[in-house]
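One structure is given here, and the rest of the page talks about it.
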Amino acid sequence: MLQIQVEEKEEDTEESSSEEEEDKLPRRESLRPKRKRTRDVINEDDPEPEPEDEETRKAREKERRRRLRRGAEEEEEIDEEELERLKALLDENRQMIATVKCKPWKMEKKIEVLKEAKKFVSENEGALGKGKGKKWFAFKMMMAKKWAKFLRDFENFKAACVPWENKIKAIESQFGSSVASYFLFLRWMYGVNMVLFVLTFSLIMLPEYLWGLPYGSLPRKTVPRAEEASAANFGVLYDFNGLAQYSVLFYGYYDNKRTIGWLNFRLPLSYFLVGIMCIGYSFLVVLKAMTKNIGDDGGGDDNTFNFSWKVFCSWDYLIGNPETADNKFNSITMNFKEAIIEERAAQVEENIHLIRFLRFLANFFVFLTLGASGYLIFWAVKRSQEFAQQDPDTLGWWEKNEMNMVMSLLGMFCPTLFDLFAELEDYHPLIALKWLLGRIFALLLGNLYVFILALMDEINNKIEEEKLVKANITLWEANMIKAYNESLSGLSGNTTGAPFFVHPADVPRGPCWETMVGQEFVRLTVSDVLTTYVTILIGDFLRACFVRFCNYCWCWDLEYGYPSYTEFDISGNVLALIFNQGMIWMGSFFAPSLPGINILRLHTSMYFQCWAVMCCNVPEARVFKASRSNNFYLGMLLLILFLSTMPVLYMIVSLPPSFDCGPFSGKNRMFEVIGETLEHDFPSWMAKILRQLSNPGLVIAVILVMVLTIYYLNATAKGQKAANLDLKKKMKQQALENKMRNKKMAAARAAAAAGGQ
């Protein structure tokens with residue numbers, strides 16, 4: 001009897017099946033113990049086995065595979081020592097994956113080490129789940145990897161969804177951060193207006209369109225008979241009269257019923273609350289952006305080793321696009337120019353007496369310009385009031401649009417004058433920009449408030465006119481009833497007269513001062529947009545074409561002399577954007593469509609102005625870096641928001657709404673819709689509690705507490721900022737002391753070595 005112990009050598013038939021089973025098991029080959037199996041004892045004298053039938057052979061093959069599978073499972077049992085060693089190796093490789101880009105190695109070595117670490121983790125991470133009690137750990141590791149990948153992909157998705165990011169990066173690389181800050185501000189304003197539009201469209205315009213009474217059902221929703229012939233003309237629609245006036249675009253179209261539609265939607269309440277909500281949201285988002293910028297600004301001075309940081313840390317090694325690399329190169333170059341200009345400006349010696357005289361002269365000219373523009377606005381307002389009393393058919397296009405055109409032209413030419421005056425002052429470019437913005441802001445704010453005062457006079461005239469219209473409507477109704485009764489008296493006894501009916505287009509109506517206010521703001525917005533675009537086409541595009549194609553045959557160099565290419569007017573564009581947004585906040589309560597019109601304006605402005613900057617403008621001769629916190633723009637926006645909402649709140653609280661148009665018709669004041677809702681839709685005890693909470697004494701106390709809290713938080717923030725500055729100074733001083741101590745120790749060691757020799 002010969003016994004043969006055979007070391008396992010997989011045969012062809014067994015090799016394929018065993019490898020298929022092993023591939024399904026994620027394990028590390030090097031950590032799996034070697035295994036040997038002793039086959040059955042083979043006796044050479046035994047007779048050859050009889051041939052098996054098909055069923056017996058299949059049963060034996062199935063049993064063999066079951067034994068192989070069970071053996072593979074037993075083989076996966078790893079002892080505790082090997083398991084701990086594998087965990088340590090996996091943690092080490094994961095740490096290497098996370099920190100390999102920070103290693104001071106060549107790129108080839110980084111890539112090679114990263115590939116090896118990822119391969120090791122992917123091959124051996126599943127081995128931790130083999131054995132009793134380890135599968136839950138493997139599942140957690142797998143889910144952690146999938147969650148990290150999901151977060152990374154989601155961040156990439158959010159970055160890809162940021163609108164106009166590549167356009168703004170290209171502009172920043174060519175023109176610097178100061179010009180790019182305007183487009184970033186424009187994009188932020190686009191997002192704010194998108195939220196305002198969603199609120200007004202979904203809660204005001206859409207419910208009225210779906211559930212309100214259709215056009216022609218009420219006098220407020222019908223074009224008067226005298227205007228029907230010209231209601232659809234382009235000139236009338238461009239002036240937002242005719243069909244545009246009697247639509248959901250303006251305040252007067254909305255019905256004053258408490259509920260509309262099968263959902264019993266409370267439209268007057270929604271209209272009032274959405275108007276207040278838009279104002280509150282605007283304040284909240286501006287203040288939040290300002291606080292975020294303050295947080296991003298850091299705690300103090302951060303200019304230590306400024307040029308060293310720019311030299312060694314500016315390049316992004318993950319860039320793989322040649323165009324992106326060119327933009328990044330230009331951006332780094334522009335950043336160096338900005339930093340060098342900042343450094344030189346801090347070392348320039350100035351003639352203080354000459355500079356003071358020139359600055360006084362510049363401010364004198366600025367005050368003259370502001371006074372002249374104010375007088376011109378006042379004169380235009382007086383003329384517009386005179387034109388309002390005349391027949392509109394006798395007026396020309398300029399006479400109808402004189403007020404809007406004067407304001408647009410002043411906003412276009414006065415910033416250029418202020419820019420010329422700023423050349424006399426010789427401020428640092430960033431400080432000069434702030435002075436220029438402040439002057440243009442004062443100009444536009446004065447123009448806006450003169451416009452509001454003119455509107456207030458017109459509103460008072462409309463309110464007086466309403467009283468006469470009410471009396472006339474009463475007489476008209478009495479005459480109509482009298483005529484109807486007379487027509488019935490002429491009929492025989494058994495004859496029924498026709499029902500009394502008057503078409504809504506024939507009913508007399510009031511002037512509806514709210515719609516008039518909304519129309520004025522919409523017209524001013526549209527005229528401002530058209531003026532801006534025409535200015536870009538004529539002042540930038542045609543000028544650039546003339547300089548580009550006529551420079552070869554001209555007497556002097558047009559590119560470096562007069563007229564040359566234009567520079568991008570940061571101050572004028574920023575103030576125009578802020579001024580326009582102030583008009584949106586002021587007029588959106590009386591024209592719910594105004595945020596949507598402004599979205600179209602901002603959307604087209606982004607593409608149009610980006611094209612104009614890249615094709616028609618040149619970088620500024622005086623390069624400067626924009627502030628890291630954009631709070632100067634936001635501060636002016638917050639001020640214009642406050643000044644814009646004051647007239648609106650005054651109109652809501654003090655002026656009576658029109659009697660025959662708008663959702664608040666029939667009430668003495670617009671805010672009475674809140675009391676009406678409390679009376680009809682809330683329990684009496686809740687209405688009583690809300691009235692007590694609205695007590696002026698309690699409101700004043702809450703406001704005082706809020707003011708004191710804000711003061712305390714502001715003082716705390718200033719103290720923390722001062723503490724951060726002190727800590728930075730101490731750290732710098734400690735670094736200098738350590739440096740001097742190391743130098744002394746090195747000198748002492750050198751002296752000792754020299755003495756020993």
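Cβ from N, Cα, C; glycine included.
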Among the residue ranges 150-170, 570-590, I'd like the one that Swiss-Prot describes as transmembrane segment.
570-590
Membrane-wise, does Swiss-Prot list GLN390 and LYS467 on the same side?
yes
Proximity of the transmembrane segment (513-550) to the transmembrane segment (594-616), 3+ C-beta pairs under 8 angstroms:
yes
Annotated stretches the transmembrane segment (631-654) and the transmembrane segment (397-424) touching (3 or more Cβ pairs under 8 Å):
no
Counting only pairs 6 or more apart in sequence, are there at least 3 Cβ pairs under 8 Å between the transmembrane segment (177-214) and the transmembrane segment (594-616)?
yes
Are there 3 or more C-beta pairs under 8 Å linking the transmembrane segment (570-590) with the transmembrane segment (397-424), counting only pairs at least 6 apart in sequence?
yes
When the pLDDT values for the topological domain 'Cytoplasmic' (551-569) are averaged, what is the result?
80
Report, as numbers and ranges, which residues of the same chain sit near the topological domain 'Cytoplasmic' (551-569): CB under 8 Å and 6 or more residues beyond its ends.
175, 179, 182, 415, 419, 539-540, 543-544, 613, 616-621
